[in-house]
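The feature S-adenosyl-L-methionine binding site is assigned by TrEMBL to Ile42, Glu90, Asp116. TrEMBL lists 47-232 with the feature domain 'Ribosomal RNA adenine methylase transferase N-terminal'.
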Amino acid sequence: MDVPAGNRRGLSDYYPHLMPSVGFGKSSSRVYRCRSETKRYITSPRVAETLVRILRGKRKSCQLFLECNPGPGILTRALLESGAKVIALESDKTFIPQLKSLGKKVNGRLEVVYCDFFKLDPRSRGLLTPPIMTSDMLFQYLGIEAQPWSKGAPLKAIGILPPKNERNALWKLLHDLYSCTSVYKYGRVELNLFITEKECRKIMANPQNPGLYQALSVLCQIACGIKLLHTESCLSFGTYTANGQLAKQKHRESLEQNLCFIQLTPHKDLFTGTLTPFNYDVFFHMLRQCFMKRGAKLIDHLHSLSPIDAMHILKQIKKSKDVKVIDMYPEDFQHLFETIECYKDDNYKWLYDDFMEDVII
């Protein structure tokens, strides 16, 4: 996506690689080396049939799905039986032979790759070995070409967010989406994910749910259309260790919690305005700063974010001087960002200090 050099302005010119979450950047190398991770898998044919009915409807066309960590292949089989084509990205070698055996029966409609979708394009690169790889390596191998952002989704991805790193995985996906990197370098990839009910409520929250509303909520809703497609009890899933062994649910809370199947479709017009893949980190930082003191008045944050007169900004976005951070809807924050970025009477639109050099969003 080409953006004129004159429009590449703001914080991103100075600090182009703000990390997507607290702890994400610092712990990434440890996470990628981990061999004791547990993963949830769809083990119920009933759940698999429900998902296929939701995603496929009455379609008989050979639709392409990228299935992330299919495990025993229950959903894989149901998708294939519906006439779909599946690329199975499995990170546990234990399940690879079983999936490849299934692939021999469907006339080339199943491709099995030893890969972990949620660990594509790690920030700390070095020498990458499967299941860790880059999206370029994966998509070139699969023969998938990049599509313009204005076109539809090149493929649909299905998966379950890692139980122990759910929030970090969400932040990474958002970072990749806003920067048009990783899988989003290839277009508006649609994600269909199971996440915990707790996280689902947070990303869909707004000022009407102040206790749940946070920067993550704003970023998700500005970037994507979000649909809650289905809710299922955790008891309907199997949890396996890294060697393919069925693990017991350890906590009563996890047994009682539901998983929500949500659809995240990147907005076609996400980058048609002031927000671009080159200044998205300014938007991230602005939200991070505001939600650090979410109960405070917005005007108090504006004094530390921009040298532009705070009352003038509030007037432009049609908000009173008493408006609080938690009173601002996602579209209000987008309007705030665009107002400051497009301000013409000042060469400096954002304040910089030593804190911002080390900030991790």
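Glycine residues also receive a Cβ, built from the backbone N, Cα and C atoms like all the rest.
The Cβ of Asp116 (S-adenosyl-L-methionine binding site) has Cys68, Asn69, Leu89, Ser91, Pro131, Ile132 as same-chain neighbours under 8 Å, each 6 or more residues away in sequence. Mean pLDDT for the domain 'Ribosomal RNA adenine methylase transferase N-terminal' (47-232) in this predicted model: 94. Per the record's binding annotation for S-adenosyl-L-methionine, residues Ile42, Glu90, Asp116 show a top Cα-Cα distance of 16 Å. Residues near Glu90 (S-adenosyl-L-methionine binding site) in space but far in sequence (CB under 8 A, at least 6 apart, same chain), listed by position: Asn69, Pro70, Gly71, Ile96, Leu99, Val112, Val113, Tyr114, Cys115, Pro131.
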